[in-house]
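K.L.:
For reference, the structure I am asking about is given below.
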């Protein structure tokens, strides 16, 4: 698989499928609901070609902006995107640790700095909103969240209610449009 210069929705869908990241059956999701399909972020985030395509697509959308990734899932995404885009990044922990620096935000971040949050899969948007709020609490300006896959289950609306625009590389509709398994 060649890495396209400016990956399209179709390129990203193909990369996710080639990484076997789309699975079918009955799955429990992190918010407690169930689904007939599952997008295995660990399969696409550990596949070098898929990760490069995703990072290139994110980099095409990023200006002179600091990136943020939510630990643990979005760390590979933000690290590779940072390298492709040539932009710095920070990692947002779910909560501050009681050891080391005790920081919730890891990396360099200045007050009033513009930050774009990268997320793997958006379902309800809760983890993205929590990351946005943690960044805002330390003085960052956060108005955008980029996700690889929007499951179209309320994340966009929850983010909009927090004055954040969400942009997805692909939606569940894009990913499952030709699939008879769902």
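Cβ from N, Cα, C; glycine included.
Checked Swiss-Prot, it gives:
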type	residues	note
BINDING	93, 94, 97, 119, 120, 121, 122, 123, 124, 125, 126, 127	5-phospho-alpha-D-ribose 1-diphosphate binding site
BINDING	123, 151	orotate binding site
K.L.:
Roughly how many angstrom lie between the C-alpha atoms of residue 93 (5-phospho-alpha-D-ribose 1-diphosphate binding site) and residue 123 (orotate binding site)?
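P.N.:
Residue 93 (5-phospho-alpha-D-ribose 1-diphosphate binding site) to residue 123 (orotate binding site), Cα-Cα distance: 19 Å.
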K.L.:
Measuring Cα to Cα, how many Å separate residue 120 (5-phospho-alpha-D-ribose 1-diphosphate binding site) from residue 151 (orotate binding site)?
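P.N.:
Cα to Cα, residue 120 (5-phospho-alpha-D-ribose 1-diphosphate binding site) and residue 151 (orotate binding site) are separated by 11 Å.
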K.L.:
Could you work out which of the binding-site residues (93, 151) has its C-beta surrounded by the smallest number of other C-beta atoms within 10 A?
P.N.:
93
K.L.:
My understanding is the cutoff is Cβ-Cβ under 8 Å with a sequence separation of 6 or more in the same chain; which residues meet that for residue 124 (5-phospho-alpha-D-ribose 1-diphosphate binding site)?
P.N.:
31, 153, 154, 155, 158
K.L.:
Between the Cα atoms of residue 151 (orotate binding site) and residue 126 (5-phospho-alpha-D-ribose 1-diphosphate binding site), find the distance and write it as a whole number of Å.
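P.N.:
Spelling it out, the Cα of residue 151 (orotate binding site) and the Cα of residue 126 (5-phospho-alpha-D-ribose 1-diphosphate binding site) are 13 Å apart.
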K.L.:
What does DSSP say about residue 93 (5-phospho-alpha-D-ribose 1-diphosphate binding site): helix, strand or coil?
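P.N.:
DSSP call for residue 93 (5-phospho-alpha-D-ribose 1-diphosphate binding site): coil, neither helix nor strand.
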K.L.:
Only counting partners 6 or more residues apart, tell me which same-chain residues put their Cβ under 8 Å from the Cβ of residue 123 (orotate binding site).
P.N.:
29, 30, 31, 33, 151, 153, 154, 155
K.L.:
Just checking a number: largest C-alpha distance across 93, 94, 97, 119, 120, 121, 122, 123, 124, 125, 126, 127 for the 5-phospho-alpha-D-ribose 1-diphosphate site, rounded to a whole Å.
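P.N.:
The two farthest binding residues have Cα atoms 26 Å apart.
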